[in-house]
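Structure record follows, encoded as structure tokens.
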Amino acid sequence: MAQAVEEWYKQMPIITRSYLTAAIVTTIGCSLDIITPYDLYLNPKLVVKHYQVWRVITNFLYFRKMDLDFLFHMFFLARYCKLLEENSFRGRTADFFYMLLFGATMLTGIVLIGGMIPYVSESFARIIFLSNSLTFMMVYVWSKQNPYIHMSFLGLFTFTAAYLPWVLLGFSVLVGASAWVDLLGMIAGHAYYFLQDVYPQMTGRHPLRTPTLIKSLFADEPVVAARPAEVRFAPPPVDDVQQN
């Protein structure tokens, strides 16, 4: 059993493995009181005035206490982050990292701006950890890129992947969780999907082209499709036929 888990862990692509490891270590560290969530949550005043810039990153690593909800999000993080990195972003690790960077930046911006808007500022002020929202963003992007895959929710009913974010949003509401967290992930995911897949087809422009600096950090190996030997895609020359 332990060997199977170790093999599964080693086979994960680099970004998925790194994020999952950081999230588990951070959450376990908080559960054991090795570190405190008060040093991790997003607080703009502490970031700007006290230069605690690590909070911009650490708020994406803590998934609250270790309970069923934690296992639920770890499953979605491991599954859909891995599916995206291995399929949609296969051989494009830098592009996948840039997608996560875009999502994290947008989620942080939404929370900061929302905290300044009357009537909704209190709701945004309660969102101090964006880890669940970033995970939900990955689920949303995957569902948009694989809309026709058939899925089942707890064996109760089946649906296509295009409706997965809405099914999960409804489930969050039923169990009493905050819908704002999932909605933020959907907004960030749709923004990425539109700018990356829809807008370029409409205008021919690519606003989310990965910067060269980020590409230089990752040495992606080109994906080469194997081609069977001795395969002809056209009839042989007439001379060859006559000689035979």
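Cβ coordinates come from backbone N, Cα and C, glycine included.
Whatever TrEMBL says is automated annotation, not expert-curated.
For the ranges 66-84, 123-141, the feature annotated in TrEMBL as transmembrane segment maps to 123-141.
Taking Cβ pairs closer than 8 Å, the transmembrane segment (96-117) reaches residues 15, 19, 42, 44, 56, 60, 84-85, 89, 123-125, 127, 130, 133-134, 137-138, 141, 184-185, 187-189, 191-192, 196, 208, 210-211, 214, 217-218 in its own chain, all 6 or more past its ends.
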